[in-house]
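Annotated in TrEMBL:
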- Glu1032: active site, proton acceptor (ACT_SITE)
- Cys19, Cys24, Cys27, Cys46: [2Fe-2S] cluster 1 binding site (BINDING)
- Cys86, Cys89: [2Fe-2S] cluster 2 binding site (BINDING)
- Arg251: FAD binding site (BINDING)
- Gln564, Phe593, Arg707, Gly861: Mo-molybdopterin binding site (BINDING)
- Phe709: substrate binding site (BINDING)
- 1-64: domain '2Fe-2S ferredoxin-type' (DOMAIN)
- 45-243: domain 'FAD-binding PCMH-type' (DOMAIN)
Amino acid sequence: MLKFFFFNAVHLSGTKYGCGVGGCGACTVMISTYDPVTKHRPANSCLFPICSLHGAAVTTVEEVGSIKPRIHTIQERLAKCNGSQCGFCTPGKVMSIYALLRNHAEPSMEKIIAALDGRFQTVNWLVIGAACCLAQLRDILMKAVPKLAEEKTKIYQAFLQHLRTLAGEQMRSMASLGGHIVSRASTRELNPISSVGKSVLNLASEDGKRQILLNDQFLAGCEHADLKAKEVIVSVLIPYSMKDDFISAFRQAESQKNALSIVNSGMRILFSPGTDTIVDLSILYGGIGSTILSARKSCEKLIGRQWNDQMLNEACRLVLEEIFLPPSALGRKVEYRRTLLVSFLFRFYLEVLHGSDNIALTSPSLQYPFRCAELSQEKMSALGMLQSGIAQGVQIYQLRCVCRQPPQDPVGRPIMHQSGIKHTTGEEVYIDDIRPVDGELSLALVTNIKAHTKIMSINASEALQVPGVVDVVTARDVPGENGKDEQAYAEDKVFLASGGVVCVGQIICAVVAVKIVYEDLEPILTIEVTICLLFNNRFRILELEYLLDHRREDKEMDVYVSTQHATDVQVKQTLNLQYNKIMCHMKCVGGAFGGKITKPLLFAVIAAVAANKTGHAVCFALERNMDMLITGRWHPFFGKYKVGFMNDGRIRAADFQCYINGGCTKDEFESVSPSLIPLIGQCIYILNLLVRGHACKTNLPSNTAFRGFEFPQAGLFVETCIVAVATQTDLPHEKVREINMYKRVNLTSFKEKFDAENLWKCWEECLDKPDYYSKKKGIAIIPMKFSVGFNATYFHQVTSSNQSLVHIYIDGSVLVTHGGIELGQGIHTKMSHRELKIPLSYIHLCETSTTTVTSGKYTAGSTGTEINARAVQDVCQILWKHLDPIQRDNPNGKWEDWISEGHKQSTSLSATGYFKGYVTNMNQDTEKGHAFPYFRFGVSCSENIGTDIVMDACFTINPAIDIGQIEGAFIQGVGLYTLEEIFFSPEGEQLTLGPDTYKIPAICDIPEQFCVYLLPNSCNSIAIYSSKGVGEARFFLGSSVFFAIQDAVAAARKERGLPMDFTPNSPLTVERICMACDDVFTEMVRLFSSLL
């Protein structure tokens, strides 16, 4: 593929490799061809075969611009407007916009948003070449529709409806219409429309040319209606619609754009002229079976019927009988998909009524006996497509008093990310961009395919015969410990008495084609099963887990790794080496969010053992599906509560039981359960509180600590309890929250003292901003009290003696190293440069390495900047003490003069710094302690058109970076609570392993009105420069969207007289929203299913 050609053949590393299936856009390049319709198009290089590029030009991000000699305006604006964080996907964004601008010098906002998401002739139809890409087809139709009479364009408009949301722009620019049609997959959304529109396929072969209908029989693969051997599709004839035609297209997906449809449909009806009598009817559905399904029998029975409510009821019954979906159907969501069958039919019924009314208005000579005016307001609300508006953001923050601040002092200023330009040019070097060394070997994993089993034997003989295979590495090759809590390599029965593997995806050995014999055992897959035995869940790592181990002389080992915790990756015990012979290097990490703390140790062991055995450098990278299978996610959470409350909503007592699915090994859950208990209170003061936490062992991949460290689960649980109390007391939700929130100086449930003043300031400010009380439904305001850091001083410790290391060179330039790792949060940009009182251009920060930082702790818990900045502050103050005599002797001198003189006087211009960390403790026996250094407060209010966030960030070190962190964390939280669902098979196999089945938020999910307001005149005496960490805290505020949706569903249920005491689970997906509304269609499906 083209991406690998860039790296291996022409040594270009700006184009990044993300998912490998065209879903993330990190690998986007521009393909240019000589074509009178379109010349430049974005494409996913991970899917583009080199052989398809004959006569084409390929432009990568390196050609667009680089630091030398110049950067492009796109790159400059993206960097200076703080459009990147970790930067891993940024080159792909640059290329998408660049390709757009090459085609449209002044694009509309809609085209810009779409970018980030053939020849033809006209007679009485359109003839589109089969090789025409979908993006070009969209452009052709958009030009053709305005030129034609409206009655002729109904099928074209149905096409356009899908082409605006089908896949991303890169995929639309690559995928051809012919390929879309001939694949006949159930999710190919244009095929049902083509079929009901009576499209014709023009075919060719050595035997000549012919035409066939693109009908339901072709889509079903019937032999008499199919292509013959060696026959190809040359073009597709798409006819005009007729004046009595009505054609509609429908789709429902997990996400509005760039997502495979759950169910899609094309429907067409033809009436006898001037009547409501059905002459012809076609209904096709995708997403139900393995191919497109036709409701042919149902349609035949409805011919001759009048278009009225009685016909609709009969049509729904017939369709549910004909399009059968068994409970065990592939793709799950059976009841929901059956509901969509009749929901789409109802929408079509209304659209036909509405369309007939429009025809009557524009053509008085055409009168139908049914009129749209007869529709109720409720039914009219179902018409029209939901379209995302153009997002508009407002960022409000207070600058420090710059009049008293030296111009070179960066603290409090919105300074661009230090690596922002390199992010946009693709010149930032991630682990994946390191050039191979001589003799380097690649390593692949063999993983377990059963949830709970014993390995009886491992036979590598066939693998070793494969050309290119050097060796197979198993547990027998580990000279020391085979991992800590989790085995690096599974051990067979001969090697270890148990010989057990405990989840699908557990690593068995490294390399390829290994024969494994199993003995099956009974798996445990859910929290509920674990509870019965008395003893869902998100991913977000951008850059793939990646290691490069290189064995050197004297038994030294270089490890280049993408991790948040370098000290833990030093593989000492595995290789039986001392720490001083293992050098771990981290330049920057392409996204982490907590997911690269524990797992990189496991991967480091695998690569190190292979390098040790073979004597060669070993490169080890996980493909996206393997990454999602192995690395774990947020712990699925199951909660039970009992609450005692007064009529005014005041909670007097609560009993919370919390269960987390830890997976097959401990990983982080020993830390998670103790942390969960003090987090459970959120902003709510409950005098009598009992919290019990349980970690459940299951035969699923082990879960780990992601952004928020269980607070997202605990906070949602508590706020769900608040909603239940409000429902029972028939009080507004915000009133119940207000009456139970901490006030003034107070004590937490674990007796830690804190002041809630800023919590209330955030609350009141947020209530004012969206005119909260004027909104009636579909709105929620959620407060947050988030604890920074960890509940033990040890985890805040920067290092034993040399966490920060600063060298001042003879020319006055400064090299700074520290123990924090750049994850995209701007830690290098926010380091304490003000202490040296010199311009930023004098200072360079190099990679994080265990050669300079011997025993640093995690870069996590939103404390990375402040604890490392304290250490840098310490070392800078030491250096100033060294320079103080020289400065006193020459007070009017410049920095370079003092450094030059210091060098002459043999003054030490290098020093190390140290910060012990915040003093915290939590006594689990007494349930008391000063568990956290301080708390962060915030409030988020979300409704159907926007979100307002008010945050207590105190005096932010860099408002541009911090607001970016707030916005990014919020959107990530929206994904957690509304989109990102994990599915496992009954056998414990994970089914959501890539962007096609696991959806994260896209640009269309950003609130149309997005305001972030940093609370002014706030300070924090504990953290450096009176700042507060922001990275993790804002994640939970995405739950305001969850509760706004719940409020809208509650309003819908109330209108129908349904019970209000319902509890939706997270994520609140489109399926769960639909089924919670419990409307006439869900009721119809349930009734029909009960009769089967």
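Cβ coordinates are placed from backbone N, Cα and C, and glycine is handled just like the others.
Local packing around the Cβ, expressed as the count of other Cβ atoms within 10 angstroms, is greatest for Phe593 among the binding-site residues Phe593, Phe709. Within 10 Å of Glu1032 (active site, proton acceptor), as judged by C-alpha distances, the binding-site residues found are Phe709; the full candidate list was Cys24, Cys46, Cys86, Cys89, Gln564, Phe709. Excluding the listed site residues Gln564, Phe593, Arg707, Gly861, the same chain places Ala592, Gly594, Gly595, Ile597, Ala705, Phe706, Phe709, Leu823, Tyr858, Thr859, Ala860, Gly1031, Glu1032 with Cβ atoms within 8 Å of the centre of the Mo-molybdopterin site Cβ atoms.
Per Cα geometry, Gln564 is the residue among the binding-site residues Cys19, Cys86, Cys89, Arg251, Gln564 nearest to the residue listed as 'substrate binding site'.
Note: the Cα of Gln564 (Mo-molybdopterin binding site) and the Cα of Cys24 ([2Fe-2S] cluster 1 binding site) are spaced 23 Å from each other.
Neighbour list (Cys46 ([2Fe-2S] cluster 1 binding site), Cβ cut-off 8 Å, at least 6 residues apart, same chain): Met1, Leu2, Lys3, Tyr17, Gly18, Cys19, Gly20, Val21, Gly22, Cys27.
When Cα-Cα distances from Cys89 ([2Fe-2S] cluster 2 binding site) are compared across the binding-site residues Arg251, Phe593, Arg707, the shortest belongs to Phe593. Cys86 ([2Fe-2S] cluster 2 binding site) has Phe593 as its nearest neighbour among the binding-site residues Cys24, Arg251, Phe593, Arg707, Gly861, going by CA to CA distance. In this view, Cys27 ([2Fe-2S] cluster 1 binding site) is surrounded by 28 other Cβ atoms within 10 Å of its Cβ, with every protein chain counted. In the domain '2Fe-2S ferredoxin-type' (1-64), helix, strand and coil residues by DSSP number 15 helix, 13 strand, 36 coil. Separating the Cα atoms of Gly861 (Mo-molybdopterin binding site) and Arg251 (FAD binding site) is a whole-number distance of 41 Å. Once the Cα atoms of Gln564, Phe593, Arg707, Gly861, the listed binders of Mo-molybdopterin, are compared pairwise, the greatest separation found is 12 Å.
Cβ contacts within 10 Å of Cys19 ([2Fe-2S] cluster 1 binding site), excluding its own Cβ and spanning all protein chains shown: 23.
You'll find the Cα of Cys24 ([2Fe-2S] cluster 1 binding site) roughly 21 Å from the Cα of Arg707 (Mo-molybdopterin binding site). Here the residue listed as 'FAD binding site' comes close to His162, Thr165, Glu189, Ser261, Val263, Asn264, Ser265: these same-chain residues lie at least six apart in sequence, with C-beta atoms under 8 angstroms from its C-beta. Here the domain '2Fe-2S ferredoxin-type' (1-64) has a mean pLDDT of 87 out of 100. Around Gly861 (Mo-molybdopterin binding site), a 10 Å sphere centred on its CB holds 24 further CB atoms from the protein chains shown.
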